[in-house]
């Protein structure tokens, strides 16, 4: 296994734009690589996407592997899996990291199977141990336990990483790097699915990981109707609605809104927690937010210890006042 070196990331892009999670895991890969004294490689797949190579180098990549093919214009499981598998067999990375997006979650296990290696899904922490192995930490048993996993006997070591967990890499346009174009053997016969048309996501699709502003409701909203005022505040701020696990478990809102250790990990510029007490599982999913505002009628709620600003009061009286004041500023 001495032939394997370097830490790679799958640089996920959609419509020619790098996803935030790609920049997040690139920053983490840079830290891990510096600890091991190896290079960071970024795998960029698509068609006419080579222009993103400079961005990846500026964010910390030493080498960008570009697989450009018209058949890879849109994501397909077979095409992307074959391209990355061929690339990994040729250059032998020690580690490959993917964002735990719907693409990453579909792609990573297919590559793990092709390369006959292991995969740890939904990681919230990564490190290097004294033997140089990748330590992969993820929630287990419903978020009540954090498990740290190693893959000592297979290469590459592979993980998917939750969006929002890692801090975005800092851009440095003075960095230099290398671009390697790789001609993967991709044919139409390799791809079993054909894309006939693409429909843009409906506006009501929740995208917590990419949101700059999140307004979340907890048990204190009293029931499913309580989310009406949460949504009203989110709308006036141009944000999205989040939720605690308790409200999801109670059936008040769908699970795609859930923030926390067993939900989504977020890092918005502004996070407003309404009627959320501050259980450790919830805090684990939003504690890295830029600014945290807590609204709770219990002055002893744990959430206030983590909030930048706290409002003690009935959220059904406080939020309407906030909404009116925000509207006046517009």
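Heads up, the Cβ atoms here are built off N, Cα and C, so glycines get one too.
Annotation source Swiss-Prot lists FAD binding site at 270-298.
Overlay of Swiss-Prot annotations on the structure.
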residue	record	Cβ within 10 Å
270	FAD binding site	17
274	FAD binding site	28
278	FAD binding site	21
282	FAD binding site	29
286	FAD binding site	28
290	FAD binding site	12
294	FAD binding site	24
298	FAD binding site	13
For residue 286 (FAD binding site), what is the secondary structure by DSSP, using just helix, strand and coil?
helix
